[in-house]
């Protein structure tokens, strides 16, 4: 049985990150709000409150987490664009997933995600090759170039969408 935590595998990229790859990743980030909305379409409240795996987050928490994570990423990009290798602040995503706003209707986060991604994608398409080399420093994972971060967050959106779609497949929803 495959690892339900990583339905599309973990993020890895080896090789040169070309303009074509960057464009593909940005397109995936742009598509995420619609893909995530499609993944949860017609789910009822009980289904939204079903964990995607034993010990995992509920579908509702996954949707809210994606927005939390991508808001943080958007800020990290802006920091890297305006400061030299800023040290970003990590957050405890597992604790954020337990906060009261993670019980709100998923539509709240879908609207936020759509608006956030419109702004983020606009910023991403404006990046010049030199901008893609800019970095931020994560206290736990170290220095990250913006080019690689684009790939990581494209993967992140697909990863969590796959949590939901694979659950739907397993349970015949």
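In case you wondered, yes, glycine gets a Cβ from its N, Cα and C as well.
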Further Zn(2+) ligand in Swiss-Prot, beside 156, 160, within candidate set 64, 65: 65
Binding-site residues (65, 156, 160), the one with most neighbouring Cβ atoms at 10 Å: 160
Collapsed DSSP category at residue 156 (Zn(2+) binding site): helix
